Amino acid sequence: MSLSNAPLGQHVAYPSQYDPGLLFPIPRATNRASLQLGATLPFTGVDLWNAYELSWLDARGKPRVAMATFSFPADSPNIVESKSFKLYLNSFNQTRLPNAQALRDRLERDLAAAAGAPVGLEFISPQRFGELNMAELDGIYIDKLDIEIDTYEPAPQLLQCAPGDEVEETLATRLLKSNCPVTGQPDWASLQVRYRGRPIDRAALLKYVVSFRQHAEFHEHCVERIFGDIMRACQPRQLTVYARYTRRGGLDINPWRSNFESAPPADVRTARQ
């Protein structure tokens, strides 16, 4: 499907009844071709989506609410366009269902069909809301480094290694900003880079992250671009790139890519989420 047909950036009426046809898949392969990624990916990964505005009607018409975390595997053929996902979830608002399991079943079925692969789902009932925590990404934050930069489109040539023996460390920043490729709206994120290899020059990494500031690309694609650029520039033996983007339309998106870890860390939202 062409992005010109996506609901993002268009005036779309909110649905009054359940409609799985609202989901708009976007092939991952299109963007990956521009990153020189083929069928064999250099990473494993997952896109964690947190839904904060999930509601439906029970069999007697009483509203119910919940939260949910969806896990889209990075090797699924498609991502789901975010506004279409929001509209789809809102289509349950006036839909009567016999129980929460009926909602789960529809969500799992519809999202798997859109993504082209099974999608993990954790359902969070109101009884568990008090258990949810906030935390910042682990790592050494590089935001206070004194840098000067006037480049605001991705500039992988800024990346460089520092002298020294191989290290194993985790670096983090809250200064990642990219933009929606359809609407131009800003997308804000915290970024974590965990690696083992030659030391990455921290000031160079911060400049590189800041260079995304006027770049227009979906969250998932930005993280894969960052992963590839770091691999080419510094060739770490192990690398994980993880971004937690701020919420929009009741959804936040948190792409995670790694060539050595089997699963992302606990899905704990940051203060800005």
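Cβ coordinates are placed from backbone N, Cα and C, and glycine is handled just like the others.
Feature list (source: Swiss-Prot):
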type	residues	note
ACT_SITE	Cys180	active site, thioimide intermediate
ACT_SITE	Asp187	active site, proton donor
BINDING	Val80, Glu81, Ser82, His219, Glu220	substrate binding site
BINDING	Ser82, Lys83, Arg248, Gly249	NADPH binding site
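Between the alpha carbons (Cα) of Val80 (substrate binding site) and the residue listed as 'active site, thioimide intermediate' lies a span of roughly 14 Å.
Within 8 Å of the centroid of the Cβ atoms of Val80, Glu81, Ser82, His219, Glu220, where the record puts substrate, the same chain has further Cβ atoms from Ile26, Asp47, Ile79, Phe85, Phe218, Ile253. Classification of the residue listed as 'active site, thioimide intermediate' by DSSP places it in coil, neither helical nor stranded. Cα distances from Gly249 (NADPH binding site) to the binding-site residues Glu81, Ser82, His219, Glu220 are smallest for Ser82. Maximum intra-site Cα distance, substrate binding residues Val80, Glu81, Ser82, His219, Glu220: 12 Å. For the recorded positions Lys83, Asp187, Glu220, a Cα-Cα cutoff of 10 angstroms around Cys180 (active site, thioimide intermediate) retains Asp187. The local packing around His219 (substrate binding site), expressed as other Cβ atoms within 10 Å of its Cβ over all shown chains, amounts to 23.
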